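Undergrad: Pulled the feature table from Swiss-Prot, pasting it below:
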type     : residues : note
TRANSMEM : 12-32    : transmembrane segment
CARBOHYD : Asn34    : N-linked glycosylation site
TRANSMEM : 158-178  : transmembrane segment
TRANSMEM : 190-210  : transmembrane segment
TRANSMEM : 243-263  : transmembrane segment
TRANSMEM : 273-293  : transmembrane segment
CARBOHYD : Asn297   : N-linked glycosylation site
TRANSMEM : 312-332  : transmembrane segment
TRANSMEM : 357-377  : transmembrane segment
TRANSMEM : 384-404  : transmembrane segment
TRANSMEM : 429-449  : transmembrane segment
Amino acid sequence: MPLIIPSNDIYISIISKYVAIVIFLIFVIIMFNNITHHLTQPYIDEIFHLRQCQTYCQYNFHHWDNKITTPPGLYILGFIYSEGIKILTRSSSTGGGGGGGHLTCFNDNVLRSINLIGGVVILPRILQQFHNGWSKNSKNQFFWSINIISQPLLFTYYFLFYTDVSSTILIILSLGLINYKLLQYPMLSALVGFMSLWFRQTNIIWIAFIASIFIDRQIKIKTGVIDRIRQFIMKSLTNWNKLLGYIVNIILFVIFLKLNGGITLGDNDNHQIELHIVQVFYCFTFITFFTIPNWLNKSTIKKYYNFIINHIILNLVIGLIIWYIMENFTIVHPFLLADNRHYAFYIYKRLLSQSYLKPLILMAYHFSSFQIISSLIKGGQLSFIGIFSYLIAVGLTLIPSPLFEPRYYITPLIIFNLYINHPHNLLEFIWLNSINLITSYIFLHKGIIW
């Protein structure tokens, strides 16, 4: 039997992978250590989340802060996590404020560590489902999982007590349980989806998206558009029993809306549903920015140029539609202008609100929309039904929200990255973590007067 000697490229890829992992972990540890010393008080909305969780840790499950808009999943998780630590360390539950209770719920950093563990330990393991299903033999996938968890929109919340990390983990897990057609667990997927609703109500849209992917994966033969739609409908009917979990989620959500009188649990006056269509373009532009290493090449630019030249009338119509949306469906929420502790404040003030920049912004929206769709097509992991379902899910999730808030784009960003090609993983790792390094420095060293 001949001796097979791995090529130098394989060795370099493996070494690069583990060097990147070590660098990333060191960066995360340093960042968390700095956060624990720097943030002596709750950060922005943390004051509501930490206070509510600490109320639960006093076994008071009846009090609810009306400023909180999301369900109590984060606080239940924090309570269970704290109780587990108490059992393991035999520590007391007494404490108060950020400084009390060394290893309990009353230490803000203990609660923050939930998201750190979730993002750095649990999420990569969940992502392995997608990696194993698609890319076993691809040397280009060595950085795949670490680049997903390095996404700056998500990375920020590893060090704060917010709902975003847990919400994202559960949606990705639910999707992973049905994504690989040889190993599908729809009822378990629906159960995990139900759990995600306890962290963010809009996850009901992503549960519907996951159900559509489950059905689409049942279609084994590639067909034309009309025939695939027909097969999709037929598979939905013949697999109705496997869809029951998702259907139950939707029914329960409708009941919740009826009983609650709306989608948010509190602060209803500041969270009214409005048509904020431009929010989709904000999201697509963010995604395009964070995935620059995947598309910045001559081939992509040439493809975009040819699309414009070969479809001039179509692109003029699209441009007019985008302009109309910018002029008529852009909402400036009072929170956006009132709080200069968010990047969104500066993006709007210095870019989006400047009239002379509108033509350039329109072009950015046009290109990012083109790039999102073409990348999903090129990725080859989703049929046109899957791509259409993704676009609909993004729209239904974002358009009703009047607030420009980049963290709302985390789930669309992560799911997008699951279904596209990543040809330059090392470059992508450097790009993403350079952004993380810059934003971390600003967070820790640039004081903001509010």
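Including glycine, each Cβ sits where the backbone N, Cα and C put it.
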Undergrad: Counting other Cβ atoms within 10 Å of each Cβ, which of the glycosylation sites Asn34, Asn297 scores lowest?
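TA: Counting other Cβ atoms within 10 Å of each of the glycosylation sites Asn34, Asn297, the minimum falls on Asn297.
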Undergrad: What whole-number Å value do you get for the CA-CA distance of Asn34 (N-linked glycosylation site) and Asn297 (N-linked glycosylation site)?
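TA: Between the alpha carbons of Asn34 (N-linked glycosylation site) and Asn297 (N-linked glycosylation site) there are 37 Å.
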Undergrad: For the transmembrane segment (190-210), which partner among 12-32, 158-178, 357-377 gives the most CB pairs under 8 Å?
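TA: Between the candidates 12-32, 158-178, 357-377, the best contact partner of the transmembrane segment (190-210) is 158-178.
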Undergrad: So, in DSSP terms, is Asn34 (N-linked glycosylation site) helix, strand, or coil?
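TA: Going by the DSSP assignment, Asn34 (N-linked glycosylation site) falls within a helical segment, counted as helix.
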Undergrad: If we skip the immediate neighbours and take only residues 6+ beyond the ends of the transmembrane segment (312-332), which ones have a Cβ under 8 Å from one of its Cβ atoms?
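TA: Distal contacts: 274-278, 281, 348, 352, 358, 361-362, 365-366, 402.
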Undergrad: For Asn297 (N-linked glycosylation site), which DSSP three-state class applies?
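TA: Asn297 (N-linked glycosylation site) sits in coil per DSSP, no helix or strand.
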